[in-house]
Amino acid sequence: MNDGVKPQLITDTPKFATISADEANAKTLVTEGNVTVESIVDEGFGERLGLYDEKDFVFVESGSKSGDGVQVDAGYIDVTSAPDYALKKLRGKQLGIVFQDPESSLNDRMTVGEIVREPLDVHSWGTKRERRERVRELLETVGLRPEHYFRYPHQFSGGQRQRIGIARALALEPDFLVLDEPVSALDVSVQAKILNLLEDLQTEFGLTYLFIAHDLSVVKHICDRVAVMYLGHIMEIGDTEELFEAPANPYTHSLLSAIPEPDPNAEKDRVTLRGTPPSPRDPPAGCPFSTRCPAKIRPEAYRGMDDEAWERIEVFREVIRERTRADRSFSDRVREFLGKETRFSDIAEITDELFGDVQDKLPDDARQHIREASSYVDAGNDNQARNYLFEEFGSVCDKEKPRHHSVTDLRTSFCHRHIDEFEDSQSVFKRL
Ligand code: SF4
């Protein structure tokens, strides 16, 4: 082991490195391309990290606590391109996975015993007899009975099937479990039982969890730290209680505002996001949330402009962006060639609809830019219109990737609004 060597993102084969106690406390370990890897094991095992994610991620970490200080073995591997032998090694003692759907993640042609025993067989663990005993022990650990060994998955309920999946993930005693939405396919009452089981197992075996979820109330219940992700970026990461109490990033703020209140009379300022997340194949050049952020920073020239009129400009940009992404079919091209109407030829209608009632709130130069962009669209140059609007109306949020800013000792947020020259997002949301 090489003390002091920083871990690296891996492209082909997994490499493992040791980081020293000081480095273990660092917040950001590696940033490469779209992926920022955060130190999540700074207190050793026993921590559960919640990863809120709208899109995919590439992130694997394992750790151990040893000796007289914190010493973390951290391995990073791109699981989408690692060779089979590396994945096999990883999914042995290091990493276990529990899948989202207990219906499709178990092979209905195998008995429960065979399913749970499979990782032990693959890794040639012990003798045949020892493996059978281990499986019976695991079934008991997850709240099933040893005699379930010879039954088939279809004979079990959803919750029991998920228990089988958990037993399989624990078979080789991994240090680290990836729980990919483990309760989202289950009824609420069963969800509670599985969450309690996961908590008990963590205490019993000292496991580290990476708990991926879309249900924020589950995240709040089970996680010590949460990483909120958008389009492959960690937007905010930190202590769960702090993050839910006072979200620092506009995306987290918007998400939390959408959690339903049990009290029907409770007042809540719900933030509604416009549009849908952009395609990961065509992500925004600056902040990934810039196409939908309600607290997005405006370019200086338009800071005093009427909010509603500015919002229409943002929607107009989004419409043009969508047009550049949509594929023109052969018949669209033929109709365009013949000068006939297509679904791409309604720009005058769109501008009328968007700006008709806010014309007097638009400054002259903004009106001129909208006209100019519309003329590019009219001429079939959607990309030119998009670039033109980007240049004229784009702000720092559109053009520059934010940095991770420390919000507190326990939290960082990926947003330009933490820079002193800009109003902070909390005050922006108060005004909205
Ligand atoms: S950087 Fe800009 S767009 Fe991104 S979250 Fe912050 S304010 Fe919103």
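In case you wondered, yes, glycine gets a Cβ from its N, Cα and C as well.
Note: TrEMBL annotation is automatic and uncurated.
For 19-256, the entry in TrEMBL reads domain 'ABC transporter'. As annotated by TrEMBL, region 'Disordered' applies to 258-290. Summarising the annotation, TrEMBL assigns compositional bias 'Pro residues' to 277-286.
Within its own chain, the region 'Disordered' (258-290) has Cβ neighbours under 8 Å at 34, 54-56, 216-217, 230-233, 235, 250-251, 296, 314-315, 318, 321, 325, 394, 396-402, 414-416, 429, 432, counting only residues six or more beyond its boundaries. Taken as a whole, the domain 'ABC transporter' (19-256) shows an average pLDDT of 78 in this prediction.
Secondary structure counts, DSSP: the region 'Disordered' (258-290) has 0 helix, 0 strand, 33 coil.
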